[in-house]
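**Student:** Could you have a look at this structure, given as structure tokens, before my questions?
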Amino acid sequence: MDVFAPTGNLHAGAIWPEVVVTLTLLIVLVVDLVGGSAARKSLPALSLFGLLGALVTLVLQWQQPQLESFLGSFAADPVSILFRGLVVATAALTVMMAERYFLQAGAPTGEFYVLLLTATLGGMFLAGATDLIMVFVSLETLGIASYLMAGYTKRDPRSSEAALKYLLTGASSTAIFLYGMSLLYGLSGGQTQLAAIAPYLANAGLVGILALVFCLGGIGFKLAAVPFHQWTPDVYEGSPTPVVAFLSVGSKAAGFALAIRFLATVFPAMTEEWRAVLSVLAILTMVLGNVVAIAQTRLKRLLAYSSIGQAGFVLIGLVAGTEAGYASLIFYLMVYLAMNLGAFLCVTLFSLKTGTDEINEYSGLYQKDPFLTLCLSICLLSLGGLPPLAGFFGKLYLFWAGWQAGEYTLVLVGLVTSVISIYYYVRVVKTMVVKEPQEMSLSVQNYPPTDWQAEGMPALRVGMVVTLVATIFAGILSNPLFTLSTQAVEQSPFLGFPTAQAFAPGSASPSLAVAGSAALPSRGS
């Protein structure tokens, strides 16, 4: 029996990965409520196995004809599968770094895993949402769980402050996005499916432009694009490090999935307008994120501005609007997951050992912890785009796609800001590898030996090794990964590329077919 076969009119097989995550969430919740202390120690393993199970179902789903569920509200096309995989993989690595972190912080872990799985579920549904209601519910599920995670360490005033700032800015951006969706609902005469709205916007005039602006504002918040980035540095600095790791990749991946589907499906008639707006946002984001990062003295805050700058690079692929542009965007998010989460795993370990994330306190770390120094150095250099690491090939594909699409200004700004980013990444690496004992910081001088057998430490080490290996070998294997991304773009009809129309004949739903007919023009052609 094929477990992915359509179930009734809802085609429930399309959401099997989400079902696995939901069941895991319920099991974790029940064990945390009724289990003893011994049972609660199994919560990280239960969460991790559930997330790995969801990844397996996503791999199996890749081999099946694409389906829609909830009567056309959710699409399980290849692009959706890849983005959902990114969200799940981010959550799995977050679990690995969270166990030891919250044990040492004295915070209960059960509720955190429930919130993390809830946010993961929201991100997964957001990646495949094809209906206004599904988009909003998924966005709120992801957002509310993220606000609660940001303030999870209640005893830390910085965490409470971060949660409040995140809540206020998030609520404002949600209101703006909701107003844009209400305009779309009115302009289309009450349509909620994204593909059904597009034909009504061809002659919408100023109101249509207004709807686009409001929707871009809401999406820009999720991407931490300038000028919607103000929440990012403070939230990243004050929130627990595992939460920051999830927000920097998982939430951002879901945001880019929403951006691609929403803009390509709803606004094909305004392609030039949203590309022009996003071009300006991309330039501002790359410049501000990378320039301001130079002045940072705390590594978490530096990574916050780095995350803003990285979003600007990824926007190049979205602005290009070509097959290569979308494929390079997805590929870069794949490698960004490995190198950025690897950096946060290292920051987590160092803060557990020293209680600080001041960059100066990393001075001389190589002499006390060569493994941590190696992992953090590789991840930072990859974020800077140095060959032959994964980040270099990710930026190479993005810049090449932008150049082919005629986005010369974006590519040149990207190249200049990439050079700037190398400076502040190398500065951290140089601080860690100083050879003179007298230059060793006080925190490193008192650096305790690492007990890898302590509770939560084996998972942390596995996460560091996995991200280190992925960061190194994703560069070597960049061609197969980019081919996978290209295949996903080609086989997702809502993007409207010619090969997508021939994919899985008879399996594409009417709403996807409508979206495919409103194809984006390729600038490179």
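Cβ coordinates are placed from backbone N, Cα and C, and glycine is handled just like the others.
Not my notes, these are from Swiss-Prot:
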TRANSMEM  14-34  transmembrane segment
TRANSMEM  42-62  transmembrane segment
TRANSMEM  78-98  transmembrane segment
TRANSMEM  117-137  transmembrane segment
TRANSMEM  167-187  transmembrane segment
TRANSMEM  201-221  transmembrane segment
TRANSMEM  276-296  transmembrane segment
TRANSMEM  330-350  transmembrane segment
TRANSMEM  374-394  transmembrane segment
TRANSMEM  396-416  transmembrane segment
TRANSMEM  462-482  transmembrane segment
TRANSMEM  494-514  transmembrane segment
**Student:** List, by number or range, the same-chain residues at least 6 past the transmembrane segment (117-137) whose CB is under 8 A from its CB atoms?
**Tutor:** 14, 17-18, 21-22, 24-25, 28, 47, 50-51, 54, 68, 70, 72-77, 80, 83-84, 87-88, 91, 143, 145-146, 149, 177-178, 181, 184-185, 192-195, 197, 246, 250-251, 253-254, 257-258, 261-262, 265, 494, 511-512, 515
**Student:** Count, for each of 14-34, 330-350, 396-416, the Cβ pairs lying under 8 Å from the transmembrane segment (276-296), and report the range with the highest count.
**Tutor:** 396-416
**Student:** Hey, would you say the transmembrane segment (330-350) packs against the transmembrane segment (201-221), going by three or more CB pairs under 8 A that are 6+ residues apart?
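**Tutor:** Contact absent: fewer than 3 Cβ pairs fall under 8 Å.
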**Student:** Which sequence positions outside the transmembrane segment (42-62), separated from its termini by at least 6 residues, show Cβ-Cβ distances below 8 Å to it?
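**Tutor:** Contacts with the transmembrane segment (42-62): 4, 13-14, 16-18, 20-21, 23-25, 27-28, 31-32, 35, 76, 78, 81, 84-85, 88-89, 91-92, 95-96, 98-99, 109-110, 113, 116-117, 120, 124, 456, 459.
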